[in-house]
Amino acid sequence: MLEKIYLANPRGFCAGVKYAISYVEQVQANSEEQIYVRKEIVHNRRVVEDMKKNGIRFINDLDEAPNGATVIFSAHGVSPSVVEAAKQRGMKIGDATCPLVTRVHRKARKIKDTHQIIYIGHEGHDEAIGTMGEAEMFLVESLEDIISLKDKIDPNKPLTYLMQTTLSVADTKNIIDQISKTFPFVEHPSKDDICYATTERQEAVSLMMDKIDAMLVIGADNSSNSLRLLQLAQKSKPHSFKVSTADDLSKEYIQNNEIKILGLTAGASTPQVLVDEIISKLKIFYPNANVELFPGSRDDSMNFKLPGVLLS
């Protein structure tokens, strides 16, 4: 019988996601034209569906929008080739890329002519695709990938690394350690690229492990940071699980695994309305379960301001 639900804090929307959503809303509010968004604005189906209801059209490729259309790039960023293609077609361009992802792009442009670059990230992820479009890079996802680069890296040319902003802090440390062992001459950046929100949400989950039986992560299946939260929780609490919506909740799973104290967190692209719906359903299953903010939690205080000019 579930007795208590501890809420992790921070959880849910990060500053970059809020920035991207606000960006689209502001462009739409100031335009009478059809607004197109390339790819999912953030990796959450509920957010995308709500925008569709408000008239936003989502496309996977620029070819799906007419010449001269207003197109906004998602929070994950795009490669320079995509930007150039939009310009060639006379499109009005809005860039809702998270400022922390933009920072990684700037770093890539700065060093692309002087350094060999290893990119720590997930193949096929929208953010990785966009960043790797800035320069020639070697993608690594595992320790084995690093070993395979031995014959590809020139020891006589400077080497450094960049990383996807939504990675597991612990796993990335292991990869960086292996890079250092394999390539002792590597230049370490003064600061890693994992964003504050990813780090803080993982730290919040780690703090709860000794006080819970399992962690419930709310997030989309294609949300990298949500999957990292689940992996982190399962290392200590194997019965931890993830749902995308309240419909995914299973009372039987909680009962069968004898979960009495449940931690709850949400990925950085998960809206609060989903969190509220899932808590409500848990309370229907277990009316006597107490819902509490986990002691020692802290708020997410970062905020990004929208630029004065939204379209170029």
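Numbers run from 1 along the shown chain.
Even glycines carry a Cβ here, placed using N, Cα and C.
The active site, proton donor annotation in Swiss-Prot covers Glu127 and rests on sequence analysis. What Swiss-Prot records for Cys14, Cys98, Cys195 is [4Fe-4S] cluster binding site, and it gives sequence analysis as the kind of evidence. Feature annotation from Swiss-Prot assigns isopentenyl diphosphate binding site to His43, His76, His125, Ser223, Ser224, Asn225, Ser269; the stated evidence is sequence analysis. Sequence annotations record features per position, and here Swiss-Prot assigns dimethylallyl diphosphate binding site to His43, His76, His125, Ser223, Ser224, Asn225, Ser269 based on sequence analysis. Per Swiss-Prot, (2E)-4-hydroxy-3-methylbut-2-enyl diphosphate binding site is recorded for His43, His76, His125, Thr165, Ser223, Ser224, Asn225, Ser269, and the stated evidence type is sequence analysis.
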Would you kindly give the Cα-Cα distance separating Glu127 (active site, proton donor) and His76 (isopentenyl diphosphate binding site), rounded to the nearest Å?
5
Largest pairwise Cα distance, Å, within the listed isopentenyl diphosphate binders His43, His76, His125, Ser223, Ser224, Asn225, Ser269?
15
Please report the three-state DSSP label of the residue listed as 'active site, proton donor'.
helix
To test your reading of the [4Fe-4S] cluster site: which residues beyond Cys14, Cys98, Cys195, same chain only, put their Cβ within 8 Å of the Cβ centroid of those residues?
Ala15, Gly16, Val17, Ala75, Pro99, Leu100, Val101, Thr165, Thr166, Tyr196, Ala197, Thr198, Ala268
Return the residues near His43 (isopentenyl diphosphate binding site), defined as same-chain residues 6+ apart in sequence whose C-beta is under 8 angstroms from its C-beta, sorted by sequence, else 'none'.
His76, Asp126, Ala220, Asn222, Ser223, Ser224, Ser226, Gly267, Ser269
Where does Cys14 ([4Fe-4S] cluster binding site) sit by DSSP, helix, strand or coil?
coil
Other residues, Cβ within 8 Å of His43, His76, His125, Thr165, Ser223, Ser224, Asn225, Ser269 Cβ centroid ((2E)-4-hydroxy-3-methylbut-2-enyl diphosphate site):
Val42, Asp126, Glu127, Thr166, Asn222, Ser226, Gly267, Ala268
Cβ neighbours within the same chain of Asn225 (isopentenyl diphosphate binding site) - under 8 Å, at least six residues apart:
Thr166, Ala197, Thr198, Arg201, Gly219, Gly267, Ala268, Ser269
Quick one: what's DSSP say for Asn225 (isopentenyl diphosphate binding site), helix, strand or coil?
helix
Given a 10 Å Cβ-Cβ cut-off, pick out the one of the binding-site residues Cys14, Cys98, Cys195 that has the most other Cβ atoms nearby.
Cys14
Just counting, how many other CB atoms are there within 10 A of the CB of Thr165 ((2E)-4-hydroxy-3-methylbut-2-enyl diphosphate binding site)?
28
Give the distance between the Cα atoms of Thr165 ((2E)-4-hydroxy-3-methylbut-2-enyl diphosphate binding site) and the residue listed as 'active site, proton donor', rounded to the nearest whole Å.
8
